[in-house]
Amino acid sequence: MAFLRQTLWILWTFTMVIGQDNEKCSQKTLIGYRLKMSRDGDIAVGETVELRCRSGYTTYARNITATCLQGGTWSEPTATCNKKSCPNPGEIQNGKVIFHGGQDALKYGANISYVCNEGYFLVGREYVRYCMIGASGQMAWSSSPPFCEKEKCHRPKIENGDFKPDKDYYEYNDAVHFECNEGYTLVGPHSIACAVNNTWTSNMPTCELAGCKFPSVTHGYPIQGFSLTYKHKQSVTFACNDGFVLRGSPTITCNVTEWDPPLPKCVLEDIDDPNNSNPGRLHPTPNEKPNGNVFQRSNYTEPPTKPEDTHTAATCDTNCEQPPKILPTSEGFNETTTSNTITKQLEDEKTTSQPNTHITSALTSMKAKGNFTNKTNNSTDLHIASTPTSQDDATPSIPSVQTPNYNTNAPTRTLTSLHIEEGPSNSTTSEKATASTLSHNSHKNDTGGIYTTLNKTTQLPSTNKPTNSQAKSSTKPRVETHNKTTSNPAISLTDSADVPQRPREPTLPPIFRPPASKNRYLEKQLVIGLLTAVALTCGLITLFHYLFFR
């Protein structure tokens, strides 16, 4: 029982304390006032205090009092503290001032803002000003007023064109007129004006290559707006020839470099077409092409075939035992007959061919078989023999070549005959082919003629110029001899001056010959000496200037 009484006592005491705290008045609720005697904490209920106006407020009364009431409220103060007012902010040129707060717009805590007229923009640190207590304790605005400046635009840019007037900058509503260079068309407005925020009233125009290509409509022609050249925004109207109808827009306009809408088309008029404005009109006669082909709508005629292109082939109805024979055409080719004919001709030529007397061709042919050697120089004829490996290696037919005649008045000379001996190495029989004697007109001069001899290294004819003694001895006729006892066939060269040849042209001396190495060395040393002298001279001049003129 005692414990219960003690608990109730504690709860009652706590409630009374809380109730007393709630009955106090806060100093913060005194708007525009503050305690004349500063103190901390809240004011108890029923207590009366002296007040004064806060900063930014003013009153005409000397003493102001207020009492704390039940519920934590204050009684009405005996005098009113009113807000102080800031001075008139004034007007702004090319703009206006906007006041906020109604009647208290110029009083303590109020704010004002500035707005410029169209075509102007604000210039200043702050666009909003507040009424506040200044450094001296007087009411003042928070900042200096801004001002309105006219809008400006930068210089425009246009390629392949120009604009007028040309200025460093343009103010609001200043107009600029554009024009393009020759050969270009202006696409866009011809004039624009400066707007707000460094912008223009429209997008910048451009200068494009002027004109469109000449419009060509097949089976059509222009009836209005014909011109050789078409500029931007220029139009042309088309019509079709008789027998053709227009598909598309008859009038097209040049848009920069393209036609808008696209070019129309002229098509053949169809009498069954319900959209045909002229029913019953006949189709025009199509033009014949040079090759004879005729082309019409839904009509195509193949060109006639040539008679020689027609081939007749045998046909069988049923049960063919052998394939039919293909008849040859007028220009046909019989492969079997031709092959047999060619084979027979080759055999006849091999049988009837005789060795030729041209010495150069014969030597070349024998060299290819590899059966010739060089005999002693004292021999008086040229003996060539070869051993064929088969019957097919008979002496081939060598075409004769006529030796040119250089001098018709020169005496006739006889060349050594060529003897060709062929046969198997183990057989006593041999086929002898004696080359006919060649007669040439040799040209004589003081130094002797030029003749062809067999080169010992290459085993081929070469051109030599004999000495006077050789030239004199070569005038004697040559006698053909054959060495039949020799087992090894060989080539014997006796006289190297047999075939006259055209003399070679002399070798010209070189146009430019490099200078001797000694002269070039002297020139190099001379250049080095000159450069050294120049360097020493410059050094002496610099030293002289440093010593006497510094």
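Note that Cβ sites are derived from N, Cα and C of the backbone, with glycine treated the same way.
Disulfide annotation in Swiss-Prot: Cys131 is bonded to Cys86, selected among Cys86, Cys153, Cys180.
Here Swiss-Prot annotates a disulfide bond for Cys153; of Cys116, Cys194, Cys207, the partner residue is Cys194. Note: Swiss-Prot links Cys25 through a disulfide bond to Cys68 (candidates: Cys68, Cys81). Swiss-Prot gives the label N-linked glycosylation site to one of Asn371, Asn377, namely Asn371.
As annotated in Swiss-Prot, region 'Disordered' covers the listed stretch 387-408 rather than the other ranges in 343-364, 387-408. Local packing around the Cβ, expressed as the count of other Cβ atoms within 10 angstroms, is greatest for Cys194 among the disulfide-bonded residues Cys194, Cys207. Sorting the disulfide-bonded residues Cys240, Cys254 by the number of other Cβ atoms within 10 Å puts Cys254 first. The average per-residue pLDDT of the prediction over the domain 'Sushi 3' (151-209) is 91, rounded to a whole number. DSSP assigns Cys81 (disulfide bond) to coil in the three-state reduction, outside any helix or strand. Put simply, of the disulfide-bonded residues Cys53, Cys131, Cys180, Cys212, the one whose Cα is nearest the Cα of Asn255 (N-linked glycosylation site) is Cys212. Under the DSSP three-state reduction, Cys254 (disulfide bond) is assigned to strand.
Each of the disulfide-bonded residues Cys131, Cys266 was scored by the number of other CB atoms within 10 A of its CB, and the lowest score belongs to Cys266. The disulfide-bonded residues recorded for this entry are Cys53, Cys212, Cys240, Cys266, and the Cα of Cys53 lies nearest to that of Cys148 (disulfide bond).
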